[in-house]
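*Asks:* There's a structure below that I have some questions on.
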């Protein structure tokens, strides 16, 4: 049967009825790549500014850090740079926080406040990101296919930690992997198409990135909502 999105795809529900992790793991979800991209595209308006403000903040932080690294001794700079690279793992999660707030209908999103909201989950995010990176790299070094499998399998990790701060890093990784595995090829197809869209949008002087970057960030969030929010389930 044809899949249809619910009638309230443009609705605003900052406090949706959510599934527990156990319910999400047991939920027999499904989604259409085209419908997910279409819904994400409808949500691009209103989120571009906070996302690019967050990007600007990260760029300013990186610039300050690079200036600092230039004036300290080389050996200290190497150690400091490694530490900062690990610490920076969590900063990109700010985009995910903004996207989730926007998808749930929250208005006037403050990018700075989103950075502050990272404090409770920052360590979990950093550890999960480092562990995921190590496992994915190790998977690529072995037979390539395990690396590809894990890189897609862990794609919901940030969303899970943000929405369920009580989980441990390993639990977040395993929950994401188990859920994604049910429709791994659809997730792969979604990211493949989003990558193609990004590449094409770069061609005309990169202007298209103003719309495609938010689209790429929002699309996984749409799938996350389908899985974890009862009001956003696909009707099959």
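Note that the numbers count up from 1, one per residue, in the order the chain is shown.
Cβ from N, Cα, C; glycine included.
Heads up, here are the entries from TrEMBL:
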TRANSMEM  49-72  transmembrane segment
TRANSMEM  78-100  transmembrane segment
TRANSMEM  121-138  transmembrane segment
TRANSMEM  144-162  transmembrane segment
TRANSMEM  183-203  transmembrane segment
TRANSMEM  209-228  transmembrane segment
*Asks:* Under a Cβ pair cut-off of under 8 Å, which of the recorded stretches 49-72, 144-162, 183-203, 209-228 contacts the transmembrane segment (121-138) most often?
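*Replies:* Checked against 49-72, 144-162, 183-203, 209-228; highest Cβ contact count belongs to 144-162.
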*Asks:* State the non-local partners of the transmembrane segment (49-72) in its own chain: residues 6+ outside its ends, Cβ under 8 Å from one of its Cβ atoms.
*Replies:* 80-81, 84, 88, 91-92, 94-95, 98-99, 102, 109-112, 114-115, 210, 213-214, 217
